[in-house]
Amino acid sequence: MNAFRLTVEVNGVTHATDVEPRRLLADFLRDDLHLRGTRVGCEHGVCGSCTVLLDGQPVRSCTVLAVQANNSRIETVESLQKDGQLHPLQRSFSKCHALQCGFCTSGFLMTLKPLYDDEDVTLDATSAREAISGNICRCTGYQQIVEATVDAFHCRDHND
């Protein structure tokens with residue numbers, strides 16, 4: 001099979017490498033770039049654990065071919081922490097005990113990040129539930145995840 005020359009920016013770093021045309025974006029990120037924060041749960045795009053941002057939009061990396069990301073910008077959960085400081089969403093997830101095993105957490109965080117970055121978006125408990133409705137957690141139920149989401153947006157909106 002012929003390799004495809006992939007050029008992609010991942011977490012601010014440009015990578016140019018050959019990939020098999022059938023290689024999934026999740027596998028490229030985890031195995032080729034060693035970014036293991038992106039988790040693969042269902043391998044069908046249903047659970048949301050593999051969510052990353054592709055040109056600022058959440059996508060299920062287990063259903064996207066790496067070649068589809070050519071000349072694009074990708075953000076993974078590893079991009080959230082800056083200079084040793086957790087992103088406000090990560091702080092709220094920790095503060096509100098919104099994780100147990102942590103397998104799904106990166107997917108929730110990357111689903112919420114574009115909403116958090118849009119200062120025109122505010123979330124209450126109802127809209128937070130809707131925002132995360134495409135992500136599945138098998139451990140916590142969802143109350144703590146909703147509380148963490150509302151807390152992060154409240155802190156952002158009130159400069160806490």
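The backbone N, Cα and C atoms fix where each Cβ goes, glycine too.
Taken from Swiss-Prot, the feature [2Fe-2S] cluster 1 binding site covers Cys42, Cys47, Cys50, Cys62. Feature annotation from Swiss-Prot assigns [2Fe-2S] cluster 2 binding site to Cys101, Cys104, Cys137, Cys139. Residues or ranges marked as domain '2Fe-2S ferredoxin-type' in Swiss-Prot: 4-80.
Annotated features taken from Swiss-Prot, shown on the structure.
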| residue | record | DSSP (3 states) |
| --- | --- | --- |
| Cys42 | [2Fe-2S] cluster 1 binding site | coil |
| Cys47 | [2Fe-2S] cluster 1 binding site | coil |
| Cys62 | [2Fe-2S] cluster 1 binding site | coil |
| Cys101 | [2Fe-2S] cluster 2 binding site | coil |
| Cys137 | [2Fe-2S] cluster 2 binding site | coil |
Compare the C-alpha of Cys50 ([2Fe-2S] cluster 1 binding site) with the C-alpha of each of the binding-site residues Cys101, Cys104, Cys137, Cys139, and give the closest one.
Cys104
When the number of other CB atoms within 10 A of each residue's CB is tallied over all shown chains, which of the binding-site residues Cys42, Cys62 has the maximum?
Cys62
Around the [2Fe-2S] cluster 1 site formed by Cys42, Cys47, Cys50, Cys62, which additional residues qualify by having Cβ within 8 Å of the site's Cβ center?
Ala26, Arg39, Val40, Gly41, Glu43, His44, Gly45, Val46, Gly48, Ser49, Arg60, Thr63, Gly107
One of the binding-site residues Cys42, Cys47, Cys62 has its Cα closest to the Cα of Cys104 ([2Fe-2S] cluster 2 binding site), namely Cys47
Env. residues of [2Fe-2S] cluster 2 site, Cβ within 8 Å of mean position of Cys101, Cys104, Cys137, Cys139 Cβ
Leu99, Gln100, Gly102, Phe103, Thr105, Arg138, Thr140
Nearest to Cys139 ([2Fe-2S] cluster 2 binding site) by Cα distance: which of the binding-site residues Cys42, Cys47, Cys62 is it?
Cys47
